[in-house]
Amino acid sequence: SLVDCVSVRQWKVYKTISKPSAKLTHVALCLDFLVRVRCVMGSLMGMEWYCFAALGILTAFLSFLMDLSVAKLLRAHQWLYSQLEGHCLLQFLCWTLYPVSLSALSTSFSQSICPFSAGSGVPEVRTILSGVDMPHYLSLTNLFAKYVGLICTLAAGSTVFLGKVGPFVHLSTMVGAYLNQLCTVLRGVKERTEGAMLVVAAAVGVASCFGAPISGVLFSVEVMSSHFALKDYCPCFFAAACGALTFHLLSMWSGEQETLRALFQTSFSEDLPFYPLEILVFAILGLLCGAVSCVYLFCHRWILLFIKTNKILIKVLSTEKALYSAMVVFLLASVTFPLSAGQYMASKLTIKQLLSSLLDSRQWTSQSHNASVVLQPNLCPWSEWIPSGNPYLTLGFFLFMKLWMLVLACTLPLPAGYFMPVFIYGAAIGRLFGEGLAFVSLNGVYLGQDRNPINPGGYALAGAAAFSGAVTHTLSPALLALELTGQSTHAAPILLATLVANALARSGQRPSFYDALSISKKLPHLPSLLKVCPRLFSVPIGKVLDPGGPVLERTAGPTEIQQVLNTCSQTQIPVR
């Protein structure tokens with residue numbers, strides 16, 4: 001570019017008129033080399049595109065490093081628990097005090113370093129993208145506090161039952177804000193492009209968590225941006241693809257994956273994945289997920305209002321946040337203790353193992369009769385769901401308990417995400433629905449001489465997308481479900497179930513999960529105009545805008561048109 005060429009000429013002039021000492025010779029050579037490299041890079045591609053690629057790579061590296069740290073902490077907890085086998089009291093203390101300590105550490109560390117690091121961060125990023133200046137939420141101290149605190153939260157395992165998507169979107173926007181400043185310095189211009197970089201960073205955050213670039217872009221369009229500019233479309237895909245590819249490569253090089261494949265690879269049958277009549281059953285599943293999502297959103301709004309109005313909780317959360325987190329997590333850990341009620345909730349499984357087991361294509365009702373399978377839980381994680389040989393009891397108890405436990409966990413003042421738990425909860429709804437359908441159809445559907453069993457894993461995948469989509473009022477979970485599993489065969493029923501669940505969840509003009517958080521935190525946000533004025537779509541625009549001159553009606557004849565042209569000096573005349 002012209003700026004780069006001028007910089008090179010200035011540097012050459014500086015070298016000719018100045019005589020640097022011998023100590024500065026190497027520095028001068030390095031500066032000369034960097035200027036030439038910048039000139040070459042700028043001629044090939046704009047500097048902002050290099051920043052987009054760096055954003056995807058850095059965010060994916062942070063995501064992989066976080067997953068690696070969390071996996072080691074979870075294995076340490078499992079090893080310590082297994083070593084205490086035979087000592088019930090010591091196992092109980094190990095099971096409860098380990099997540100309590102990590103949750104208290106996450107709360108105290110994040111609150112002491114940066115009080116803005118608690119929660120998911122998605123409502124705050126949405127507010128920033130709408131034009132509100134909130135520099136504290138994009139600071140370097142917030143980045144450090146949220147990253148370390150999120151590792152401690154995830155290391156607490158499925159006891160706390162929280163995820164990483166929301167906070168990682170916030171982390172990605174922080175990295176994007178600093179890269180935007182670097183890009184501005186390198187380009188040598190004062191143009192403000194922070195909004196575009198943050199929109200791209202939101203897509204990269206989702207893509208780097210799951211290796212799903214397309215659903216990450218759709219998430220940025222649906223959730224993060226009140227107005228998505230078309231010029232940000234290609235940068236979003238470019239950065240999200242860089243992040244997803246880097247995440248898969250790091251997982252492959254570390255030995256977690258053998259090759260570049262979906263994060264939760266499934267083994268659904270591709271010959272006949274589902275029957276045409278099952279489309280109606282998937283629609284019924286969407287209605288069920290939509291109804292349950294309404295109950296969940298009501299409970300979530302109620303608990304947020306209760307915390308804001310209860311004097312005791314207000315005092316505790318204002319002075320003793322770490323104590324509140326420790327008390328709540330101790331309650332959750334006591335309920336999920338494997339030697340008590342936890343054995344009916346598959347509490348020994350991690351978040352990833354829970355989703356992998358729920359997406360299993362085999363029918364648990366038929367597998368539960370095989371005693372050799374049940375006695376090998378390490379080889380078959382899904383066997384944790386059938387401790388008594390009845391998966392319906394375990395799945396039903398899991399859904400009942402996790403509903404209020406997840407609502408309670410959302411009140412913890414620590415960095416945490418809420419999308420993945422909701423996704424798994426929907427998968428459990430779909431799994432219970434699919435197992436019940438398989439039992440009713442006598443373990444299979446008969447077509448002529450062939451016998452093809454019902455696939456409960458397909459219903460679990462559709463339930464995960466439908467329930468999470470209904471809670472967030474988005475359709476991106478449907479695409480995320482396909483990218484996570486690589487199952488394009490179930491694209492139609494998953495999308496249908498998500499649409500039906502969304503329609504039911506939106507029917508009562510209820511706010512979505514993220515909207516409820518924005519309202520609770522009193523963050524500036526753009527409300528829905530249709531909720532404020534339901535008849536707005538039928539109001540003519542002429543009654544809202546003042547044209548400041550004559551206006552032609554659509555039914556005006558030649559006489560009215562000629563009269564307006566004779567009396568009006570404007571070059572443009574509005575028509576209504």
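Note: Cβ is positioned from N, Cα and C throughout, glycine not excepted.
Residues or ranges marked as transmembrane segment in TrEMBL: 47-65 (among others). Sequence-distant contacts of the transmembrane segment (47-65), counting only residues of its own chain at least 6 positions beyond either end whose CB sits under 8 Å from a CB of the stretch, comprise 38, 41, 147, 164, 168, 171-172, 175-176, 179-180, 182-183, 186-187, 193, 197, 200-201, 204-205, 207-209, 235, 238-247, 250-251, 254.
What TrEMBL lists as transmembrane segment is 144-163 (among others).
Marked as transmembrane segment by TrEMBL: 196-221 (among others).
For the transmembrane segment (233-254), same-chain residues at least 6 beyond its ends with a Cβ under 8 Å from one of its own Cβ atoms are 48-49, 52-53, 55-57, 59-61, 63-64, 68, 196, 199-201, 203-204, 206-209, 211-214, 216-217, 220, 260. The feature transmembrane segment is assigned by TrEMBL to 233-254 (among others).
Beyond its flanks by at least six residues, the transmembrane segment (274-299) meets 403-404, 406-407, 422, 426, 429-430, 433, 437, 445, 447, 452, 455, 458-459, 462-463, 466-467, 470-471, 489-490, 492-494, 496-505, 508, 510-513, 516 of its own chain at Cβ-Cβ distances under 8 Å. Look at TrEMBL and you will find 274-299 (among others) tagged as transmembrane segment.
Here the transmembrane segment (322-346) has long-range neighbours at 88, 91-92, 95-96, 99-100, 103-104, 106-108, 111, 156, 158-161, 313, 316, 354, 357, 384-385, 387-388, 393-394, 397-398, 401-402, 405, 408-409, 411-414, meaning same-chain residues at least 6 beyond its ends whose C-beta is under 8 angstroms from one of its own. Per TrEMBL, transmembrane segment is recorded for 322-346 (among others).
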Query: Sequence-remote contacts (6 or more beyond its ends) of the transmembrane segment (196-221), Cβ cut-off under 8 Å?
result: 51-52, 55-56, 59-60, 62-63, 125, 128-129, 164-165, 168-173, 175-177, 179-180, 183, 228-229, 231-233, 235-237, 239-244, 246-248, 251, 262-263, 474-477, 479-480, 483-484
